Amino acid sequence: MATSMSCLLVLCLVCPLLAGVVRANPWYGLFPQFYDHSCPKAKEIVQSIVAQAVAQETRMAASLVRLHFHDCFVKGCDASVLLDNSSSIVSEKGSNPNLNSLRGFEVVDQIKVALETACPGTVSCADILALAARDSTVLVGGPYWDVPLGRRDSLGASIQGSNNDIPAPNNTLPTIITKFNRLGLNVVDVVALSGGHTIGLSRCTSFRQRLYNQSGNGLADSTLDVSYAAQLRQGCPRSGSDNNLFPLDVVSSTKFDNFYFKNILAGRGLLSSDEVLLTKSAETAALVKAYANDVHLFFQHFAQSMVNMGNIMPLTGSQGEIRKDCRRLNNDH
C-alpha cells in the first residue's frame, strides 16, 4: 500500500510536467510539414482564399478564428462544426452558441474545392479551419505561428456538446475556466484566447443583460463604464434588435492588437465574460494588465494558446476520414 501511495505521489508530481510536454510537443503526430509532399501548395491555397475573403470583408477574419474555436471545443478539432443536417447528423450549426451567429462556411467551401482540385482527398477540413484561423489573424495584424497539421475529419457531430461545452458570454469565470481545463487548457489560455475579441462583432443578445439587469436587480452592470453603457443602449434596447452588431473592441475592431485588454481596464469590455477576467480573479487580472502593457507578450501567448487549442483531441492516422465536402460525410454523397 505504501509503495502504491508513493507511486501515486510521484505520478501526481510528474503529471503536470508531462502535461507541459504534451502541450509543447504533441504526441498525436501533428506537425507543420504534414502536407509538404502530399499537397505542397496546401498552405498557399488556403492563405490566398482567406486573403481574398478578408479583403472583401474584414470581419471574416474574426469569423474564421471563431469557427476554429467552436470546432475545437466540441469533441476536439475535427471539423464536426462544419457538418450540415442529414439523415445521420444533427448539425452543431443549430446550437445556441452557433445559430444565426457562426459564419465563414462559404469561405471554407471555397478552400475545400480548390484543395480537392489540387490534391483530391488529401487535406482535411479540420486542418483548413486551423490554417484559416492563423492566416486570418496575420492578415489583420496579429501574430504568425506554425500550424501543426495532420488532423482528420469527424464522422459525427454533437449538438449537445456544442450547447454545453463552448464558453458562453454570460458564464461565470469559474465555469469558463472549467470548460478550458476539461480540454487541457489553462488560465493563460483562457485570457490569451479571450484576446481574440480584439477583432470582430457581437450581437446585442450576447450582452443585453449587462445594460439592464446584470444581477437580477434591474440595474446595469456596475463594472461597465457609464458613458459606454449609454452608447450601447442606443442600439441595444431592452427587447428586440437581438442581432444588432457591436464591436468587441470599441477602439480598433478590425486590427489585431491589445486594445481589448486596455478597454477592459477602462470598464469598456463588451461581454460579461470579458469583464470578469479583470474583476473575479487576481490571476486572470494580472494577465489582463500584462497584455495591456505589452502587446508582444500577448501575441506570443496568443500564438502558443492557438497551437494548444488546435491540439485538442485531433483524429489522426486511420481515425475519421478526409471529407471531400466539408458539409457532409463521404458516405452521405
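Yeah, the Cβs are placed from backbone N, Cα and C, and that goes for glycine too.
When you check TrEMBL, the disulphide partner of Cys119 from the set Cys15, Cys39, Cys72, Cys204 turns out to be Cys39. Of the cysteines listed (Cys72, Cys77, Cys125), TrEMBL assigns Cys125 as the disulfide partner of Cys326. Regional average pLDDT for the domain 'Plant heme peroxidase family profile' (29-330) in the model is 97. When the binding-site residues Gly76, Asp78, Glu92, Pro167, Asp249 are ranked by how far their Cα is from the Cα of Cys125 (disulfide bond), Asp78 comes first.
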